């Protein structure tokens, strides 16, 4: 049964468990338990974790909560986990446990308490608490100092002096990553005095890429939302006493007048995707996935494939004057486009199927948009992406416009005797694009898919030929029998030839049956000979074993006689009680 992980990516322990599973290629289903909607308090979830907290896992019959316990279990239960995460060395494991226990009582109260009471509380329906934030900041500062002076002392790259991260590194770094939701200046104020901690965070992030950035993307989006709220509050209530500025300046510092400029620079680095950007990304994906000279089919790794796409997007002439996007950003945007467009394709198919007489194409679009909103409670905003992808096999409509005009019929026309039917998604049934007609583009098969297809075709052809040959022989026999029964006439030249053919066919069948019988008889004879040889071998082995046992018994008897002879040769009083007992016992056995 597949592992189930119940998590909310806004939760630090949840992010640690998700990154660990992804890095170690553990197959799992991620089930969202929204903390904002209080889903962790539902009766259904409390059957899994009575504490009402995330993360929790279900692995077969096992239900487990607490992130540290989950990480230890996954490290021990799954063979794909590399040893450096939770080494077999018991002394190293003990040190990891000491770090994890310290984490719960020091770093976690400091980091979580500060972020909650200075930024996140309003999002959870709670008031901000500057006093609690100041207390948490003191705990956080002391914890960072302890990390740098004790756990990261010397030139250690990771905790405990290892060259690779452990579950302790992952758990603590995910804890500190929640500081990303703070204002940039506030976050740097807390971390910049601790250079070793910053290097350690970056080393752990690189060791878990690209999964670390993917899972922490929710923090980056939250940071953007909080920054917009700060800007709106600053614009509506300017002045040094602004409440929003106070939240980001707990501890005696102030954002100052450079807050807006800093936010503008950060937004320039993380600019939004525009429709032209989406079109370039889609073109890059289609070209990279369909070009037989470039694609390495199923043998290429995912990051190599996306690096090609990222290079294609960065080299686009229309984006020459803009900051380059990373390949993992392109992958995240593509996943969103693919998800939304696939959902809209289903709604568009449903609208085409329901198309009534007299409805125009615009009417169908309106119905599709309404179906999308009814199903997913949001508007479809990627029509430009759908229009780029609609002519490809994966995203094309399953209903043709011609059939839809006739009342939504989905009947297909047989094109040839090979069992091929017309369909809007069948490349063979789509005509060549003439006078602006649209043509569905098909993705080329990969190496393995092509070989499998050729093998299936060859096997199918061979089976069809055998069946056709068998049917032909049966039909010939049936015709001969029917003619003989119906036409009870004197044999002429034609009847003689038919009778000769029938006799020859029956003779051939009898010869085949006789050959099969002889073959089976020969196999039985060989089997009987084999059984006789095995029985003879067993008999010889049994005889040898009996002789061996007899020889062993004779050796034992001779040994006892030698011992008795030695004891009898001694004078009275020279033997001990045990030797006298042994001598009497041997004499009794001999008699």
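All positions are counted from 1 along the displayed chain.
Cβ coordinates are placed from backbone N, Cα and C, and glycine is handled just like the others.
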What range among 229-272, 273-316, 317-360, 361-404 does Swiss-Prot describe as region 'Disordered'? 229-272
Summarise the domain 'GST C-terminal' (89-226) as counts of helix, strand and coil residues per DSSP. 112 helix, 0 strand, 26 coil
Widest Cα span across the glutathione binders 11, 12, 40, 41, 53, 54, 66, 67, in Å? 18
Just going by other Cβ atoms within 10 Å, which of the binding-site residues 11, 40, 41, 53 has the emptiest spot? 41
Tell me whether residue 40 (glutathione binding site) sits in a helix, a strand or coil according to DSSP. helix
Other CB atoms within 10 A, centred on residue 12 (glutathione binding site): 22
Given a separation of at least six residues and a C-beta threshold under 8 Å, show me what packs close to residue 66 (glutathione binding site) in the same chain. 13
